[in-house]
Amino acid sequence: MQTTDLGNKESGKIWHRKPNPSTNEGIIVNIVHVDASHPSKSARFLHAGFDSAGDSFIAGDHLGNVYLFNLNRNRFDLVQKTMQACTAIAFNLHRRTEFLVALADNSVKCFDTGAKELVSWMRGHESAVTSISVHPSGRYAVTTSSDTAQLWDLDTFQRKRKLNVRQSVGIQKVFFLPLSNTILSCFKDDSIFAWESDTLACKYQLPIPEDGTKLRYKAFAITRDGRMLAAGGKSNNLHLWCLDSKQLFRIIQMPTKVRSVQQLEFLPENFDGGSSQILGVLSQDGIMRFINIQTCKLVFDIGSHDNGIVTSSVSPNGRYITSVMENGSLNIYSVQALSKELNKPPPPLVKMVDLSKDKDSTGNKSGVSGASQEKVRVSSGRTCRPWKSKDQIVRTKYLRPEDTTTSEDKENTLPAGLSKQRLQALLKGFGEYPAKYRMFIWRSLLQLPENHAAFSSLLDKGTHTQYKLLHQEYPIKSRKLLRVLQRTLSALAHWSAIFGETKYLPLLAFPFVKLFQNNQLICFEVVATVITNWCQHWFEYFPNPPINILGMVENLLAHHDKELLQHFINYGVTSQVYAWPLLETLFSEVLTREEWLRLFDNVFSNHPSFLLMAVVSYIISSRSPLLHCNQKDDFEYFFHHRNNLDIGNMIREAYHLMDTSPAEIHPRRLLSDFEPLTRGQYPIFNKYPKFIVDYQGQERERIRQEEIEYLRERQLTHKVEAEAVKRRLEDEAWYQQQELLKGAEEQRRKLLMDEEQKLLHQRQRLATVKRELRLKELQLLDAARRRFLRYQQDQRKMELRRLDDELERKMSLRERETATIAKDVEIRQMELEAQRRFFEQQLAKEQEAVTQEVKGEMDANRRRADLEEQMFWRLMETEEDLKDKKLLEESLAKAERLCVETDWKIQTLQKQKCDDQERGKRYVEVSKMTDDVREKERELCDVLKAMETRKWAEVSEKMTQLETEELASSALRAKRNQFLQERLRQEAEPVNISEDGNEYFERLRDLSRNSTQNDFSSSAERHVAENVCLNDVSASDSSTHFSLDRGRGELENRERALISEVRELRQKLATQARRKYPQLHFSETNWT
C-alpha cells in the first residue's frame, strides 16, 4: 500500500509508482496531509465527492483546504482554501469544473477548479448543511439541514423553494431521484414523501411499516435507474423499497455485529441497466460491507476495526471507492482488485432465506398491499477468500421451497435470474429487446464470466505483431475506437494463435467493438463467445473459408430455393461469394445499426445454427434483385453493400427456415449447443489446423526476416549509392569551386589594386585633413588659453572689487562703531560729570555740616585710616594669595584632566593602531600560513595583556598622583584658612570691641564662623563707630557701607564645587572608557 503525504504542496502526483492493489485490501493509495511546520499535527479529511465521469474527485479537510484528485492523470491540485471545515461536498454539476461545498458557517459556496475562484455564495440555512443532492442535469441542487431543505437554481444561484418542517419531526435527507424530476424527502419519523421538482406537488408517500420493523431511518441509497430505494437506520435490518409499486418488497438482515447503519451506497456495474445489485453498507464498527441484494452474498468489505471508515463515496463508473478514515486519512480502493476473486468459481456462501408471503394479512397491517415481502439474512462468514478478521468458515445451507424444477427450466434459467423462454416470447412479440436493457440482456444471454484477471494478463502482453499496423489497413477516424479494436484483436491473438492469422477477424469484431468500446472486457468476451459458439467449424479448413459451413448454407438454399441456387450456378457464383461475405462480417456491411441489433437480438436468443438460417433467409429475401444480376461483380457488390430489405420479414423467414428445414440438412445436427466461457480462465481454443498456422507463422517469420535482410541490403545499397553520388557531387562542386576561386582571385586582385589607389588618395586627403585639424586645434587651444586668461583676469578684478567693497564696508562699520562709542563716552562723561557735581554738592553740604567736628576727629580718623589701610593691604595680599592658589589649583586640575584625556586618547589611538596593524598581519598570516595563526594570537594576547597591565599601572599612578594633589590642595586650603583666622585674631586683639557700632564689617563677620571672629568683627565695628570716616556722610541705618570681604566664602564654595565636578567628570569619563573598551584587553579571537 502506497502512502502519499500532501504536506505543503499545492500540486503533485497521487502515487509515485504504478499501483498494484492487493485482492485482500484493494487499496490503491493512502493519502495523508501532515503539516511540515508541525509534524505532530495533521489535517483530517472530512468529505469527498466524485464528478459525473467518475475519474476525478474532490476532498476537503477540517482546515478548509479543498483538493482535486485526478485519477486518470495521477495528479492532485489544491483548488481552494475556504478557511472553514466542510460539512458536505458535491462535484457533479453541469459545468464540469465547478463544485459545491457546504461550510461550518451554514453557507454553501460554489468554486471553480480551473480558475480557483469563488463563483457564488449561497446563504439561507440556520444550521449546518448535512447533504447536497444535484439534479441529473446538474442545473439544480437541494441542500439539506436538520430543520429545512432548500432548492437552488445553479444557473442563477438563486433559491427557488424552501421546505420547512416542525421542529419535533426534523429532516433526515432530501435528494433527487435519477432519471426523473422527483425529489425524495426522508424525515426522522420514517416517513418518506415524493415531490415533483417543478411544482413541488406531492406525488406519493411510501407507507410506514407498522409491524414492528421501524428502523428510524438514517441512511438512504437509490439505484441509478431510480426504481429501488434502500434505507437503514438504528438496526441491522435494511428495507428495500420498489418505487414503481411504492411497496416494501424485501427486508435484509445484516449480521448481529452490525447494530446500526451509517451509510448506504449502491455500486454501479457495467450493463446492469442502472439496476445495481451490489449495495455497500457502512456500519457502526467502521467496516463497509458490500452485499448482493439478490443472492445476499457478501461480495467484499473494506475498512478494519483498527482504522474504521467514517464516510465513503463510490465513483459513478463503479471503478473506485474513496473512504475517509477515522485517523483523518483518505483511502482510494480499486473495485476491480476487490472483486477479482469473484471471477473464480467460489464455493457457495451461506444464505438463509425466509420467504413469508402473507399477501392479505401482512399487506393490510403494514400498508403494503398486493406485494410479498422477502426477509433475507446475510451471513457474516465467507469462504471465497480470507478477509481481515473473518476466520470462520460456515458451510453452505440453502432453504428452498419444496417444489422441484425440470431440466428444461434449468436450461432456460439465466444467471441473472432472467428466463430465456420469457425473453424469447418478448422478442417474438416485439421483434427486438428494449434498447435500454439490450446490453444487460445480451450479457445475461451470453453468460459472460467477466474474467478481469485473465483479460488483464492478455492485455499486459501488449499489441500483437499482426495488428501493429492495423491503422494502415483499416484507417478508422476515431483513435479511441481504433485503439480498442487493436487491443481486442491483440487479446484474441494472444488467446489463440489462429486469430493472429485470421484476416477477416477485424471485420467480424468491429461491430462489437463499436458497440462495447467503453468496456473492453465485455467487448472481448462477447467476441470470444461469438467465435466459440456461432463460428463453430470455421477454422477447420484454414486459411480457406469454412467449406463445411458454406456447404450447409448451400444445402439449405438448394432445399428452399432451387431456382436461386441454379441462377448462382449458371453465373459461377459460389457460396464463397453469396454466403461467406455475410458470415465473415456478421452482416455488418449489409445492415444498418438498428437492423443489425435486431438481428443479433434473435441470434443470441437462439441456437448457434440460427446465424446460418439468417444467411439463407437474407439470400432468399433478396432473390428478386439477385435473379436480375448477370455479372459476378454485381453479385459481389450486392453482398458487400447495403440493400433495401425488410429486416422483420428476414427474421421471420429465418424462424420459418429453422422450423421447416429437414433434420438431415439442419445445421443444428452438426453445430453444438451454446456453451458460455468458463470463469476464472478462458477455455483453450484449438479447433484449427495447427500445422498450417504454425507453418504460416514460420513462413511469415521467414518472410519478415527476409524483408528485414532485404531492407538492410537495400539500405546499405542506398547508402553506398548515396555515398557515390555524394562523392561525385563533391568532386563537381570542388572543380566548380576552383574555377570560381580563380575568377574570384582575379577579380579580387583588380579590386585590390583599385582599393590601393583609393587608399593612397584617401591617405593624402587624410594627411591634408589632419594638418587642417591640427591647425584648427592649435587655434582653438590659443583661443581657449586667451579666453581662460581673460576669465582669470576678470576673476581677479572681481576679487579686488570684492575686497575693496569689504574694506569700505569694514571702514564704514568701524567709523560707525567709533562714532557710537564716542557718543557713548560723551554720554558717560556727561553722566559722570553730573554725578560728580551731585556728589560735590552733597559733599559740600556734608562738609558744611561736619566742619565743626573736623578737628576733634582728625586723630581718630588718622588712626582709623591707618588701621583700614593696614587691614586693607593685608586682606588684599591674602586675597591675591587665594587667587594665585585658586589659579594654581584650577590649572593643576585642568592639567590633570587634560593629561588623563590625552592619555586616554593616546591609548585609544595606540590600541586602534595596534589593532589595525595586528589585524593586517593576521589577514596576511591567515592567507599564507594557517598553522601559525593560533601562536600569533597567543603572542598578541600576551602583548595586549602586558599593555593592559602597563596602562592600568599608569592609570593607578595617575589616580594616586591626583589624590595626592587633592590632598595637598586640601592641606593648603586648610592651612590658608587657619592662617587667615590666626591673622584676623592677632589683628582683632588690640581693637576695642563696642556693641553699639554699625555693620561696617558685616561681610568680614560672615567669613569668621567661630566666636573669635565674631568678637573681632564686633570690636572692629565699635572701633569704627568711635572713629567716623570723613567720607561717611551719614551714620544712619540707610547709609551705604563699604565691604572688604569680596565674597571669599562664596569663592571657596565655588572652588569646592568645581573640584567636585572635575572629580565626577573624570570618573564619568573613566567609566565610559571602561564600557567602550572593557578591561582594555582582548579575548582570544578565532579567525575564519
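Positions of Cβ are set from backbone N, Cα and C atoms, glycine also.
Over in Swiss-Prot, the protein carries these features:
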COILED    736-903  coiled coil
COILED    1048-1076  coiled coil
COMPBIAS  363-372  compositional bias 'Polar residues'
DOMAIN    432-607  domain 'Rab-GAP TBC'
REPEAT    33-74  repeat 'WD 1'
REPEAT    75-116  repeat 'WD 2'
REPEAT    117-157  repeat 'WD 3'
REPEAT    158-200  repeat 'WD 4'
REPEAT    249-296  repeat 'WD 6'
Average the per-residue pLDDT over the coiled coil (1048-1076) and send me the rounded value. 73
Mind tallying the repeat 'WD 1' (33-74) by DSSP state, helix then strand then coil? 0 helix, 20 strand, 22 coil
Going along the chain, which residues at least six beyond the ends of the repeat 'WD 3' (117-157) come within the CB cut-off of under 8 Å? 52, 87-90, 92-95, 98, 100, 102, 104, 106-111, 163-165, 167, 170-171, 173-176, 178-179, 181, 183, 185, 197, 200
What are the helix, strand and coil residue counts for the repeat 'WD 6' (249-296) according to DSSP? 0 helix, 23 strand, 25 coil
Quick check on the repeat 'WD 2' (75-116): DSSP residue counts for helix, strand, coil, in that order please. 0 helix, 23 strand, 19 coil
Counts of helix, strand and coil residues, the repeat 'WD 3' (117-157), according to DSSP: 0 helix, 24 strand, 17 coil
